[in-house]
Amino acid sequence: MEGLIPVINKLQDVFNTVGSEVIQLPQIVVIGNQSSGKSSVIENLVGRDFLPRGTGIVTRRPLVLQLIHLTRNDTENRNHDGKVVQAEEFGKFLHTKNKIYTDFKEIKEEIENETNRMGGSDRGICPEPINLKIFSNRVVNLTLVDLPGMTKVPVGDQPVDIEVQIRELCLRYISNPNSIILAVTAANTDFSTSEALKLSREVDPEGKRTLAVTTKLDLMDAGTDAMDVLCGRVIPVKLGIIGVVNRSQADIKSSKELQEALKDEASFLQKKYPSIANRNGTPYLAKTLNRLLMHHIRDCLPELKTRVNVLIAQFQNLLASFGEPIDDKAQVLLQVITKFASAYCNTIEGTAKNIETSELCGGARICYIFHETFGRTLESVDPLGGLSTRDVLTAIRNATGPRPALFVPEISFELLVKRQIRRLEEPSLRCVELVHEEMQRMIQHCGTQQEMLRFPKLYEKIVDVVTNLLRRRLPPTNSMVENLVSIELAYINTKHPDFSEAQLVHKMMTESAVQETMTQKLSREAIQKQGLDDKRFNKLDIGTTDRNSETSSQPGSAPSSASQSPARTASSTNRRSGINLLPEVPEQAPVMKLSSREQRDCDCIERLIRSYFLIVRKNIQDTIPKAIMHFLVNHVKDTLQSELVCMLYKKEEINILLEESEHIFTRRKEAQEMLQALQRASHIIGEIRETHLW
Ligand code: GDP
Ligand code: MG
């Protein structure tokens, strides 16, 4: 069953190279007070001197140590990167890549250097772990983590919160539910106050994964022993309490061989604790750990498998989102173009996949422009805006020409209403502009973010082509809109069925005109009658009245030629025309109170203008959106695909267009590597489940 652990180590390897803590693997974490012998325990398990040990704070960075058992065959065949390694034992650091350390003194130095590199040369700690693998035929398969020892009082230039820092670091490793905690307590300290056990209880209250180790059995005061502690009578530990004897500082100084130390340990235990000697000591500790680790791994496997599978699915999705690697460039190009074109059309139609819910987009915005923006603007155009009563009056007067008009002249209505209709052109053209802008904006919403990032050059070109197409559609659309307004101007259809106002006004005018003529006639008759009476009266008085009397009765008529006044001569010299005495013709109708007839005429014209204008406005409101849809929107929709193909689908440019962005390229590569690592992990897990007992 020991064969299981290399598999887990392989798994760990896989994830280390990928550089993530994706999966928490079972590992053994050593905690305990400073100088309680943690590093020594680990070293004994490894069976080699390679860890910096000593008094004070020596271990300042977590050391993740993988022990890998080598068979004789392994040592002979293990060639790393062409380097032939014949050593029976060697170490490798993750941070020095493939460098192989056969000298354990060098490993020790490298740990010290690496500790100083990240942790600084003072006595502070650094949470970044050092990863070390030891290959040996003298170790059992284990993954161990050596941690800085717990301390209470900062020394030297250690930060004041050193206790908290170390505590948190330890907690981080042991709270991993996949870890087995090795709580180390020195036998010459009070076991009942063991900091290590206290801390492990916090994360493992049921004691399912805590194993207690009592060191320094040899340093107990004379007359005392650790029997009670080791038998679990002081604090029971579910998984057991194992006593060991490591090398003392003096042994280290005298470079006592480890093998010798193990022998001494065994004989010490035989002598001091014969009844429980076979359940204590470093070899027993190693075996126990191995067993625990395997149980643990077994329990973790199903969940591990699920997690790996979930991750595989995630990375497969991620990879898929980067797009398939390109085989057939022409096909990919066509696909991207088609996809874009249909996305664009769908955005207009409102059938796009990524329809937004937070704001209007695509076709809906065009609808808004037509009916809200454009419609409202038209509605706000005052039919008589910019037209004063005086303008109307002047137009009427101009239209009648030299003749005094009986009816209000139609030509003035036509003139004025055209002027008003022309005011509809500007908002109509503005409407085209807005729709054009909207269609331009839509380009950004088509094409997935991923693809745009993947083929930046192609998308740049696509945007160019669509922009051009849109721009080319502007002149025909604008001219159609202008035409629609011109059409309205071309013929003022006063027989329009909706123009009932005309009949009404006409009738009203005729009536009032007839009435007026009647009144005029009546008054003329009255005057004539009066004149007749006067004549009769004059005849009675003066018998010599001639035809001149009629003219003289007219006011303002020139006096008889016989009596030319000097004033007349003076006036004729003043005026160039010299013919009349009238004031100059005003260019505009003079400001004055309108006569009732003028007032009535103005009202009529205004009513007509208003009524006819509303008819035209309704037409414009209806036809402009239709024209824009036909000449701009639908046209672009229909020709987009072929335009894109025509402009972009060229053999000589295909390579440039489909150049992938660096960013996507590297991300795909990373994802591929991760996926491979995960698949390897999954394969390994599968292997274990199939080949092993359960
Ligand atoms: P750590 O700080 O917990 O890693 O402790 P170390 O492994 O560095 O050991 C601290 C000191 O205690 C070293 O000088 C060791 O030689 C010494 N030491 C550790 N275990 C034992 C033991 O079982 N017996 C004796 N006599 N000394 C030990
Ligand atoms: Mg240490």
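Each position is counted from 1, following the chain as shown.
Note: Cβ is positioned from N, Cα and C throughout, glycine not excepted.
No curator has checked TrEMBL annotations; they are predicted automatically.
Features of the protein shown, as given by TrEMBL:
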DOMAIN    22-302  domain 'Dynamin-type G'
COILED    245-272  coiled coil
REGION    537-584  region 'Disordered'
COMPBIAS  550-573  compositional bias 'Low complexity'
DOMAIN    602-693  domain 'GED'
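Within the same chain, residues 37, 40-41, 43-44, 47-49, 53-55, 215-219, 225, 280-283 sit at least 6 positions outside the coiled coil (245-272) and bring their C-beta atoms closer than 8 Å to a C-beta of that stretch. Note on the domain 'Dynamin-type G' (22-302): mean pLDDT across this stretch is 84. With helix defined as DSSP H, G or I and strand as E or B, the domain 'GED' (602-693) counts 84 helix, 0 strand, 8 coil.
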